[in-house]
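K.L.:
My questions all concern the structure below.
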Amino acid sequence: MVAVAGFAPRFTITNPITASLAAIERARGFLEAATLSEGLIERMSARALLLEAHHTTHIEGTQLTLEQAERLWTGQAVKEASKDDVRELLNYREAFNLVSDYLGSGEPVTEGLIREIHKRLVEGVRGGTANPGRYRTTQNYVVNSRTREAIYTPPPPEQVPPLMRELVEWLRADTGVHPVLVSGIAQFQLVHIHPFKDGNGRTSRLLSMLCLYRAGYDFKRLFALSEFYDRDRGPFYAALQGVREHGMDMTGWLEYFVHGLASQLEEVKERDIAVVRAELLARHHRLTGRQGAVLVEVHAAGILSLGELEPRFPDVSRRSLQRDLQSLVEKGLLEVVGAALTDPNRQYVPAKGKSL
């Protein structure tokens, strides 16, 4: 327990936490040593940002598919998407840009920064009922989305300002807590306080990412932790609720949090290895720049259809991408799975056993 100005998070460093932290440090070392080109890192981090934006908003109820999100991210119209869903997705980019600017300034975390993050996340969404950037003045509740029963009653509104002040003071103090655990604690505590009328989950996850980044754990911005939560929300919600069920002991939540981050970083490592292999193959087979980029995308994803590939190349025609894919199949670098060559929904995977 490390108390600062009244906030004293309780947790125990268990073997699972230690093991996950060790895996995270290994992944950090691997990514720092990885020899990926700047252009490739830029494309992969942009992809990770899109995934984070999609999954963090999807957790909160947006109905966009990933393919729709990809199209919207590149400025394309998706007529069937709700305006609120579109705005929530694109708002995330605005909020993330704020975080990036903050990181460059070297300034400490403040309540004003957290409120501005919230404002950018929810502004113009669902009638503006979230009161962007302002603490709530009424009691709110966390309800079960299926039964609509209240499963958690946050602190009363008059307690929000002092609780937020204590959290920020703790984040700014030298507590000696591992930075990754600080990130997880910040995420839980903001959700627990529930300082805003709406948008608390999205704000907490971006605050958590901010804490990681500012402590030097940005992992080249190649990971999307919300993707882990969104894949199976039951354990995510159970880990959060478990803190309250165990007398505000955060151990179980932190075990889940660091396991999730370690799992995502392991996927990043595997993706990086696949991408390096694809780049070597592209050079060896003297592919055109675009063919090489297509090969890299398929290797990074593991499996892609033409429809999934299109948003990643918004300035390239569908026919040109079809020709590139067909050429890569003919060269033995990609394989078609699950459909005949004439099926427009066929998917492509890296050719098995293909090496230099």
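In case you wondered, yes, glycine gets a Cβ from its N, Cα and C as well.
What TrEMBL shows for this protein is this:
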type     : residues                                       : note
ACT_SITE : H194                                           : active site
BINDING  : D198, G199, N200, G201, R202, T203, S204, R205 : ATP binding site
DOMAIN   : 109-259                                        : domain 'Fido'
SITE     : E60                                            : site 'Important for autoinhibition of adenylyltransferase activity'
K.L.:
Given the recorded positions E60, D198, which one has the fewest other C-beta atoms within 10 angstroms of its C-beta?
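P.N.:
With the recorded positions E60, D198, fewest surrounding Cβ atoms within 10 Å: E60.
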K.L.:
Identify, in sequence order, the residues in the chain of G201 (ATP binding site) that are 6 or more apart from it along the sequence and have a CB within less than 8 Å of its CB; answer 'none' if there are none.
P.N.:
T56, I59, E60, V191
K.L.:
Between the Cα atoms of N200 (ATP binding site) and H194 (active site), find the distance and write it as a whole number of Å.
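P.N.:
Taking the Cα atoms only, N200 (ATP binding site) lies 6 Å from H194 (active site).
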K.L.:
Work out how many Å separate T203 (ATP binding site) and H194 (active site) at their Cα atoms, rounded off.
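P.N.:
So the alpha carbons of T203 (ATP binding site) and H194 (active site) sit roughly 10 Å from each other.
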K.L.:
How does the model score the domain 'Fido' (109-259) in terms of mean pLDDT?
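P.N.:
A mean pLDDT of 94 is what the model gives the domain 'Fido' (109-259).
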K.L.:
Expressed to the nearest Å, what is the distance separating R205 (ATP binding site) and H194 (active site) at their Cα atoms?
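P.N.:
Distance between the two Cα atoms comes out at 13 Å.
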K.L.:
Express the distance between the Cα positions of R202 (ATP binding site) and H194 (active site) as a whole number of Å.
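P.N.:
With distance taken Cα to Cα, H194 (active site) is 11 Å from R202 (ATP binding site).
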K.L.:
Using all protein chains in view, find how many other C-beta atoms are within 10 Å of the C-beta of N200 (ATP binding site).
P.N.:
24
K.L.:
Report, as a single number, how many Cβ atoms besides its own are within 10 Å of the Cβ of G199 (ATP binding site).
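P.N.:
G199 (ATP binding site) is surrounded by 26 other Cβ atoms within 10 Å.
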